[in-house]
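Data first, discussion second: the structure below is written as C-alpha cells.
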Amino acid sequence: MANLVTSLCCVVLAAVVVAYAQRRSQLVARNQYERMGSDVTMQCGSLDNDASVSWKVNGTDVKAQHRLEGPRLILTQVNLGHNGLYSCFQNPHGERRDTILLHIGIPPREPTVTCRSNTYPKGFYCSWHQLHATYVPTTFEVDVQHNQRSLEVQKDSVHKNRCHVRFPEVFSSFPYKVNVTAVNALGKASTTISFEESTIVKPDPPERVTATPIRLNPRRLEVSWQSPSTWPDIDNFPLKYFLRYRPLIRDQWQHVELSDSTSHTITDAYAGKEYIIQVAAKDTEIGTWSDWSVAVHATPWIEDPLPITSTTEGDFSTASDLSEPIDDDQEKGLEGASRDNTATETKTSPIPSSNAPQKAEPPVGRAAKLLTFFSPLLLGMLLLFM
Ligand SMILES: *[C@@H]1O[C@H](CO)[C@@H](O)[C@H](O)[C@H]1NC(C)=O
Ligand SMILES: *[C@@H]1O[C@H](CO)[C@@H](O)[C@H](O)[C@H]1NC(C)=O
C-alpha cells in the first residue's frame with residue numbers, strides 16, 4: 001500500500017515536472033543566431049506543418065518583409081534591425097508556443113595577434129583583437145606550441161584579449177607557434193604566428209623619470225630614472241637606455257644612448273627654456289626598444305631676474321617673473337627670448353596663462369604660481385591704497 005502511494009506520488013511529481021518544463025520552454029526565450037544578409041527561418045516550437053500560427057516581435061506585429069509557411073516565419077535578407085524577441089501563438093486560441101531571441105551577426109575573421117616579452121626571461125604575453133565587429137558574442141581559443149609541445153596558457157586577469165605563457169627554457173632556438181581562433185555561433189577563424197624568443201623582447205618604459213635643474217647651471221638638467229619594475233632580472237639581463245629631450249618650443253629631439261646607466265646630465269640646454277624629456281629601454285642584446293616613458297618637463301636653473309624698475313610693485317612681482325616669462329618666450333621663439341614690456345603687461349592681466357602645463361618643478365615653482373595667482377589681487381589692493 002505504502003509502495004503504491006509512493007509510486008503514485010512519483011508519477012504525479014514527474015508529470016508536474018514535465019509540464020513545468022514544457023511550459024518553461026515556451027516562456028523562456030531560446031537564442032537563434034543568423035548571418036547578416038541571409039534569409040532566416042524561425043520554427044514555432046515543434047508544431048506540425050499544417051499548424052496555423054501568428055508571430056509578434058517585441059510584442060508587436062512583424063513589420064519587416066516576411067513570409068509565413070505554417071508554423072514557420074521566414075525573414076529575407078536580415079540585418080541588425082531584425083534583432084528582437086519573436087513569439088509565436090497558435091491559432092485559433094492564441095496560446096504562446098515558442099519564444100525566440102534572434103541575434104544577427106557575422107562570423108569572425110582572422111584575429112590580429114601580437115606577442116611580446118616585457119618580462120624576459122620569465123615569459124611573454126600575446127594579445128589579439130578583431131578588426132571587424134561581429135555583433136554576437138565571440139570567444140577566443142589560444143594554443144601555443146614550442147618544440148612540438150603544447151604550452152600552458154594563462155588568461156590575463158585584467159585584459160580580456162590577452163594571455164600569458166612562461167618560457168619553458170631560455171636561449172631556445174625553436175620557434176614559438178601561437179594559434180588564436182576566434183569562435184562565435186556563426187563560425188570561426190584562426191591566425192597563427194611564429195616567432196623566435198629573441199625577436200619579441202620589448203621592455204616596458206623606464207619608470208620614475210625625473211629631471212631637475214642644477215643650481216648655478218643655466219644649461220644643465222639632471223635626468224634620472226629607474227629600470228622598468230616588470231623587468232625581472234636586471235643584473236643578468238641588463239638594459240640600455242635611450243634619452244630624448246627638446247625644448248617645448250622646438251620640434252627636433254636630441255638623443256643620447258646610454259648603456260647600463262640610469263642617469264644623465266644634459267649639458268646643452270637652452271637657458272630658461274622648458275624642456276620635455278623621455279627615456280626608452282632595451283635589452284642590451286636582443287629585442288626592440290620600449291615605448292617612451294611618460295614625458296617629464298623641467299626648466300634649467302635661472303638666475304633671479306633683476307627687479308623691474310617700478311615703484312609700485314613689491315616682492316610678488318619678482319616671484320611672478322619666475323614663472324611667467326617662459327610662456328611669453330614660447331611665443332617668441334628662442335631668439336626673441338629677451339624680456340620686454342609685454343612681460344610686464346601680462347602681469348597685470350588677471351587671466352592665468354593657459355599654456356602653462358603642469359611643470360615638474362621644485363616647490364619654488366609652485367609657490368611662484370601661487371603668487372602669480374594672487375598677484376592681481378595684491379596688485380588691486382595696492383592700487384586701492386595708492
Ligand atoms: C526589439 O527590441 C530590441 C531591444 O529593444 C531592439 O534592439 C530591436 O531593434 C527591436 N526589434 C524590432 C524588430 O523592432
Ligand atoms: C589553430 O587552431 C584551430 C582550432 O583549434 C585549428 O582548427 C587550426 O587548424 C589551427 N591552425 C593551425 C595552423 O595550427
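The backbone N, Cα and C atoms fix where each Cβ goes, and this holds for glycine too.
Marked as compositional bias 'Polar residues' by TrEMBL: 308-321, 339-357. The annotation domain 'Ig-like' is assigned in TrEMBL to 37-88. Per TrEMBL, domain 'Fibronectin type-III' is recorded for 107-204, 205-305. Summarising the annotation, TrEMBL assigns region 'Disordered' to 305-362. Per TrEMBL, signal peptide is recorded for 1-21.
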Taking the domain 'Fibronectin type-III' (205-305) alone, what is its mean pLDDT?
95
In the domain 'Fibronectin type-III' (107-204), how many residues does DSSP put in helix, strand and coil?
4 helix, 53 strand, 41 coil
Residue distribution over DSSP helix, strand and coil in the domain 'Ig-like' (37-88):
3 helix, 24 strand, 25 coil
